[in-house]
Each structure stands twice: as structure tokens, then as C-alpha cells.
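For reference, TrEMBL has these:
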DOMAIN    1-95  domain 'XPG N-terminal'
DOMAIN    132-186  domain 'Asteroid'
Amino acid sequence: MGIRGLTSLVNENPGLLNDYQLKSTRVVVDGTSLAYRIFMSFKVECSFCGEYLAFKNATLSFLNRLRRANVTPLFIFDGPMDKYGSKFQTVIKRHKEAINCALQVMQQRSNFVLPLLAFDVFLRLLHQQNFDVLVCAGDADRTIAACALYLNCPVISMDSDFLVFPLNKGYIPFSSIDLSDLAPNDAINCSIYNVDNWLKFLPRLDKALLPIFAIVIGNDFFTSNAFENFFDHITKPQVAAREIARGTLKQCNMVGFLEWLQDKSYNDALQRVLSCVSSESQKCLREKIENALSFYSVKALSIEECKRCTISQLSACGFPTPFIEAYCTGHLYRLSNMAYIRIGQTLFLPIVLENISLHCVHECSKPLRAIIYGIMLKGTGHHVVTEYVRVHDMYQPIVTAIQENVPSMNDIPNLGREDRRKILICNFSLCLHDLDAIPEQLHLFVLSLKTWTLFSSSTEQTRENMALALAATAIHLNAKLTSIMPESLRRLYKKPLIESHQERNKYFTFVHAANQWQSCLDAIQCLNGLLMQPFREADVTCLFSGKLAFNLYQCVLCSRHPVETVLNTLRDEATVFDMSPDQLLAKLQLIVPFPKEASTVSVATGKTTTNKTRHRVKEKVVITTDLSSDTSTSDWDDDNAFAVLKSVR
């Protein structure tokens, strides 16, 4: 987000950026922006609903690169408050654009949609690596700038607002960072921007006027339509040879405006800008410009001072202390988007890949969200929440009732672990002892599968086939092998061919069902966090790989004996949580329905036989998006048995 068109203008004028070697310093990182940029820069596959282990390894590669350069990062993330206030219309517009992006990915065109659980992976890794994390109540830009001033260090982001903030040590666009090992002394080669660089081209420009420039051009808090007439009253570049390239009409207006601002005082510039709008609008627009000036004017603040500010805001909203502490450190980041429910009873549900001819994938996780809403709104007098969701190809509000018979947020710390567990499973027709035979690492995974099979709008056959494919995927990702992985197993990690009409229908069914399940897992993880973790947190990198799951789904569809087929993809000596794969699968199917024929064969006899018909996964790879280069080499973890592929590929 940020100031529309300003990043392009800076990129087309290299004099505004200086070569820089990043090493031996603190740095403040825009965490929200970084997660997207790592996914894109490392070309992590997104068209099969997420390659989370590949994303984890890409993030780890970036973090290790910072460590080798002796760079100590502080990661700061956006909170939800401004999304539902001053940025409301901007957020609605971005979600509508995201629907179009998702459509393009589903139609095998070039685009990118961040998988639903990517931030779970990102925050989990930051905490495992002991990095400092701070989550703000609202937009993080001012907090990032304030901490950077206090620490006297640069900012890493891709938000063009940092081209306006007066940062002492500058702003490093993530896109300029060279992650290779070519720099001497382990330094990171990159480009850095400083607000003083404008003076190379505009020596008479008062830098204090840049906030006026930002609001007139248009940023996330304000659209520039009101000032369209202003650009008709200023001189814009006319000659081809210039020190600042003109580029598009938008950039031409920007250059003309910057040149016009030279030799102007604040009051003079403000008055002349306002003279170009109607007298009825002048008071409102003056207030917006003055607010913008306040937004970009920051003072140095320590991390603790910024954290206290967030604590104060959340305390004023009635959140209890345990929730606030976990929120600020990012341990409840997946719940952060829901924090506004307590204040404004509104929630933006994320856009993911899905079949737009069907109900939104988040529909099947609504019963879980109703519990969360009930807990958050208990005692407030509010009984409904407005959810913004995809309806066909639109993004629209839908009113959802909360669940009433739940404890309040203040009651939860006083409840025992067993009572908190019962709240989570109350909708599943399960008893706690039903999970006793399941490894605790898979408890939330099993509950998410159960939720999906209960509330999904998919056909019974699709639910059973997908449940088996998802269970088999989790078994594969947690299996320990005693020998090198065979080619037949490696082939399951290849990117599948999506070519015929029939294959495309399978792909659409798979993607919609996979993201329905992920929506259920996301909601269960949120509820588990709100209930102070009565169940062990699920690690999605050990549960789901889109390419693997789709290939296993195709194996299930092509087989008369699906359970036998998925078990035969593993070698006999494989173990999963100290048991054989067939033993674990038998335990899972006592809770989650699998294809009927599979139940008879695997449970009654306990034996597996080789299918007479062998169905091979096609090895041909189709590049479905420009971000989907084969990332299979980053799909392995040193703690996983599949890491042996590094030595045989």
C-alpha cells in the first residue's frame, strides 16, 4: 500500500536510490509487507493452496542471510483498527482486486494470491528463531518509523509511505535486496533511499511539504479524486530530456507537483492547493491534509513505549491482560484481524483461491467463528457480526449470529484445561477421549478435518476422497524413512499437469475443498489461541503441501482401493509418530470418514495389497503462474525424512 505511483517514480530515477551494504546494524522490518515479498521473491508455488514448507525454508534463508550480515531485525506488524476506520474503502477495493487475482490464478494465468495460512508459518518461525516481534493496534507505519528513529537504523519494507517519513538512516526497499552471497564480509548488497535525495533534483524543495504531496497524490487514507482539477493549474514537464524521467501521466503530475512545491511555504502551498477545490470541500480537505502532516510527523519511540501504546488502546477496548500480552508479541497474530470485532463487530475475511460459482470457502468454518464472536462479545450487548465475504465475484457484507452459550474473555483464564477443550470440540459430536489414540501434534488437524466434513457443502464422495488425501498428506510429511526416497515417492512432489477439461474440474474441486479445510484449521487455531492453547498448536508445514495433496487426491480418485493406494506410496519401513502409516490411518478414520471401500479393506483385515492397475502421477510440469517455478528443492526440511532428497536430486 502507500502512495500510489511513487515507488515507480523512484525506481525510474536511480539518483533517488544509493547503493548500500547492509551489515552490523539494527533494522526495523515491516513484517506484514515482508511475508508477501518473501513468497513472491522466492517464487514459492501458490496455485495449489500453499507450499508451506517451501515458504518456511525461503523465510529461513532470508533470516539466516540477515544473521550472517550481523543484522538484528525488529519485526513490526499491522493491526486491524485502521482497516475498519480510515482505510475502510481502500481495504474493500483491495479485496475486490484480490478476487480478480485469484480468478487469474485459477484460470492458469500469471498472478499471485498468498495462501491462507502463510502468516501462521511466518510468525511461528520468527518466534522459534527468537526474533523481536511487535503487533500494533492499527497501521504499523508510524510505529515502524518511530522505532527506526529511536534505534537510529534503516527500515526494510515495500510501502511507499516510507519515501515520505523523515527517517534518519533511510529506507531499504525489499525488492532491492540481493540475497546472494556475493557481497564481501557477508554484507547484504541493496539500495537505500533517503528523503534528502530529492534535493539532488529539487534543491529548493522544503522536505516538510512532502506530506502535502502524499495526500494530494493519494494514499491509503485518502483518494486523490478531490484534487484532480489542481493538476490542470500547474505546469507539468514538457521536454523529453530531464533529470527526472516523466513516465506515465500520473508520474508526470507528480513531477510537476514536486517542481511546483519548490520555493513554497507550508501555508502558501496549502492555500493554493485548496483554492482549486470547491469552497464546500475546503474545510474537510484542509483537515485531511493537516491529519496527513500529523501522520508523517513522528518522534523517536522505544519498542517498550510503542508496546505500551498498543496495550493502552487494547485495554480501552476491554481486552483482558493475558490476551493483550499475547497479541502484542504476535503469539495471537492469527486472531489480530478479529480484534476489531470487540469494537465494531465487523470482519474482513481473506480472499483465497476458490471456485467462485460455489459458496465462499469460509462458509464451512462459520460455526467456529460464531464461538469466537460469542466469546469476544460476551457482555457487550452485541449479538451479530458483519462479515465481508466473497459472493460470486463480489465482496459483500453478510450478517452472522454469534454463539451465546459461551464464556467471556475474562472468564477463560479461570477455566481448567479440560473445560477449555470441551468448548472447542462442542460442535463436533466428539468426546475428548476420542482423541486419545491420536498423536497430540495432530489433534487440531483431526478436528479441522472433522469440522470440514460436517459443514462443507461438497458432496459426500468429495469429502471422503479429500479427507483421505489430506490425511495421507499429513502422514507423508511426518513420515520417517530408513532409506533413500524412491522415485515413485518423489514423483508425488512434482507439479501436476493441468491440461484437459477433466483435469481442470479436478483442480477446481481440489482447490475449493483444500481451502475450505484450511479455513476450518485457521478458525480452530484462532479459537484454540483465544482459549489459551488447551490443544497443542498445529504446525501447518508438517500438515499440508499443495502439490503433494493434489497428486494424492488424484491417486485416490483413480483407485478402486484408495486407502491401499495411498499406503502403498510409502515404504513398509516408514513410521509416523512411532507407529506404521496404516495404523495411524486406521485411527484417523475412526473419527473422519474415508471412502467406504477403503474402510472395509484397511480396518477389517489390516492388510494391504498392491493395486492391479498402476496409476502414475504425470511428471510433466506446467508453469501455471509466473511465480510458480519449480520450488521442489525448497520443500524439504532437515528435520524431515524427505531431506535426503538433497543428496539424490
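All positions are counted from 1 along the displayed chain.
Glycine is no exception: its Cβ is also placed from the backbone N, Cα and C atoms.
Owing to the predicted nature of the structure, the values given are computational and were not obtained by experimental measurement.
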Confidence summary for the domain 'Asteroid' (132-186), mean pLDDT rounded: 92
DSSP-derived helix, strand and coil totals, residue by residue, for the domain 'Asteroid' (132-186): 21 helix, 10 strand, 24 coil
Per-state residue totals over the domain 'XPG N-terminal' (1-95) - DSSP helix, strand, coil: 49 helix, 20 strand, 26 coil
